[in-house]
Structures are given as C-alpha cells and as structure tokens.
C-alpha cells in the first residue's frame, strides 16, 4: 500500500511538472519570437544606417539651404505683400508691410569641437537609417502581433500602420521644405549692425530634427482621429465644438514668426490637419450609421 501511495504521489508530481512546463512553453515561445524580431529590427537599422551615411551629408546640406540662398518665403512674401497693398492698403501700412526687406546675406555653420561634425553626421545617419527602416520595422512588429489578432483587427491595423508611417515621414519632409525656411527667415530677421548670428552646427541640426519629429507627430492627427472614431471614442461633434481652440492654437504656434505673412504660411497647414481630422471622423460615423441601418433592415 505504501509503495502504491508513493507511486501515485510520484505520478502526481510528474503531472504537475508536465502541466507547468506546458503552461510555460507558450510564454517562452512568445519571448523567443520577440527576441528574434528585436534582433531583426536591430540588424535592419544597422544596415540602413550604413547606407544612410552617404546620404547624411546631403541631408545636412538640405537643412543648410535657408542659410545659403533666399527661400520660397522671400518670393511669396513679396507677391503677397503686393496683393495686400492693392486690395487692402490699410492692413499693408498698419502691419508695416511697406518696409524695405533686408538684403539676403549668406551664412555658414560653425563647430567648436574637433569631432563635432563627425558625431553630427553619425547622428543624422542613425535618424535617416531609422526612417528608411520604418517599413521593415513595422513589418517585424506586424509579424509578431499578427497571430494574436482577430481577422477584423488585422484588417484595420495593417492600413493604419502603413498610413501612420507615411504620415509621419510626410510631416518631417513638410517641415524641412516648407516650415524650416520660414523658421530660419525669422531667426535671421534679428540680424542688424550690432547683432550677427554665429550659428553652431550641433544646435542648428538638433533644432531641425526636433521640429521634424514634432511635425511628424502633428501629421499623425488625422490617423489618430480615424482610429478613435472607428473605436467609437471620438465623435465629429467634439472636434467641431473645439474648432476655435484649434485655430487659436495654430495661430499661437505660428505667432513667433517675424511678420504676419510668414505666420499665416505656418498656421494654415497646421489648422488644415485639424479640419482633415473632422472630415475623416464625419465620414467614419456616417459609414457606421449606414451599417447600423442595413443591419436593422436585415433583421
């Protein structure tokens, strides 16, 4: 009898160990899959960063362009001032648009440490490499989370990942080619006989990168509003009620520029993102109502 009891105890212990091993296996497999995807992402970023090394110098040259020659702001500001002078001369004189614009002066970047340009090129290469790797990174993330998603969730998430990446990159490109020249024009407007800029390479490029990321996030607003509207969290009525605050916020963000013309160049695209969000949210809720009506008629 004692032997039988011992045998049953041993079998129970064996069963318990088997159960714990079985319960741990999915977690271990999950962790192993996560580690594999992270390694893949790390390798992809290294490869794209190496490829971006040759592009980083050109990228810095693009950022430097507003220092080297007049930008579109100079041309469009002159054209817009002429239109304002003809149509509404009161505003033209009230805001001092009749002042003679300063003659453009070419500027160069300076560095204060021996290896500062090298480390800046490394930093720019890493950021460019990360941007180039974004489609591959999201593919690895998708492969990791796909098994745990329902078919409906997969149908929604994949387009959001694609358009989210596209929107973020579009925001960064928009900042560099549209917003950045206006920012530099504003900065150089302080130059006079007693004040001249001594622009540091690191500060200059870091500022451009920070603004690029900010505008990348701003361009995500329509994507986020679409996702929240589909989830039923955000309604177009809420966005419409807060429209005036969005307009004021856009004007406040753009108000640090030197003149009213440049301010509107910045404020209009910022506020446009909010209006696009309202339009998308409205369409999503209309489609929801159509689906609900069709479901009721079928019942």
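Even glycines carry a Cβ here, placed using N, Cα and C.
Keep in mind that what you see is a predicted model, and the values were worked out from it rather than measured.
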Could you tell me which of the ranges 1-21, 22-42 is annotated in TrEMBL as region 'Disordered'?
1-21
What same-chain residues lie close to the transmembrane segment (157-180): Cβ under 8 Å, and 6 or more beyond its ends?
62-63, 66, 131, 134-135, 138, 141-142, 145, 149, 208, 211-220, 222-223, 226-227, 265-266, 269
The transmembrane segment (38-57): which same-chain residues, six or more beyond its ends, come within Cβ distance under 8 Å?
121, 124-126, 128-130, 132-133, 136-137, 140
